[in-house]
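Reviewing the structure listed below.
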Amino acid sequence: MIKALEDDLSQTFDIHFNNHALLDEAFTQASYVNEHPHQELKFYERIEFLGDAVLQLIVSEYLFKRYPEMPQGKLTRLRAAMVCEASFSDFAKECHFDQYIRLGKGEEKSGARQRSSLLCDIFESFIGALYLDQGRAAVERFVRIVIFPKLDEGKFDHIIDHKSELQELLQKNGDVEIDYELVSEEGPENDLIFTVSVTADHKKLATGTGHSKKVAEQNAANQALQLLRRPK
C-alpha cells in the first residue's frame, strides 16, 4: 500500500521521500498498530501535531503577503476556513490519501476510511512527514498546488467577499452605482480565463481575471480596494 502511495506522490506531485518510514508512520492509524504488536510500528499522531503547526505558519504567511490590506480579523477567519477539518478532509480525498491509510479491521468495517476527522489528521500528518523529510520549501510547493489555488477558484469567497467590501467603502458617503462588466473570455473551452472590469458611477476602477466570472469579479473588486486604499 505504501509503495502505491509513493508511486502516486511521484507521478502526481513529483515528490520522492528519502525516509520511507516517515511516510509509513504518517498513514498508519493506532488501530492498525494495535493489531500488529510484533511489528514495532508507529502511528501518525506525533507527526500530525507537527504538520498542523507547519500548515498554520505557511498558510498564515501566504495570506499575510497576498492580502496586504486585509484586516487581522478577516485574515483570521480566512485562515480558519482554509485549515479546518472540512477543508483538509477535502484536500486529502483530492490527493487520494484515503486509499492509502493503514487501518485496523474494526475501523475499516466502521467506515473510518471516509471519516472527515481521520482524513484531516492524515493530511496534517503527511505535511509533517514531508516537512521532516524535505523541509519547508517542499511543503510550500505542495500547498501551492493543492491548497492555494482554491482561493482563485472561489472556494472561500463567502469569507473574502471583496465585492461587498468594495460596496461598503464606496457607498459610505452616499449611493454609488457599481457595475461589473465582462471584458473578455480567452483560452480553450475547458480552461477559459475571464476578464472583468469594475466601475463606480461609470468610472473604471480596476480589472480582474479568473477561471469563472464570479472569481474574476471578486478579483476586480480586490484590485479596486487596493487602489482606493493606497496612500495618496
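Glycine residues also receive a Cβ, built from the backbone N, Cα and C atoms like all the rest.
Residue density at D52 (active site): 19 other Cβ atoms are found within 10 A of its Cβ, drawing on all protein chains shown. Summarising the annotation, Swiss-Prot assigns active site to D52 (among others) and lists sequence analysis as the type of evidence.
According to Swiss-Prot, the active site annotation covers E124 (among others). Around the Cβ of E124 (active site), the same chain contributes E48, G51, D52, L55, F88, each under 8 angstroms and 6 or more positions distant in sequence.
Taken from Swiss-Prot, the feature Mg(2+) binding site covers E48, D121, E124. When other Cβ atoms within 10 Å of the Cβ of D121 (Mg(2+) binding site) are tallied across all protein chains shown, the result is 24.
Per Swiss-Prot, domain 'RNase III' is recorded for 2-135, and the stated evidence type is sequence analysis. Each residue in the domain 'RNase III' (2-135) gets a DSSP state, and the totals come to 102 helix, 2 strand, 30 coil.
Mean model confidence for the domain 'DRBM' (161-230) is a pLDDT of 89. Per Swiss-Prot, domain 'DRBM' is recorded for 161-230, and the stated evidence type is sequence analysis.
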What is the Cβ neighbour count of E48 (Mg(2+) binding site) at a 10 Å cut-off, with all protein chains included? 22
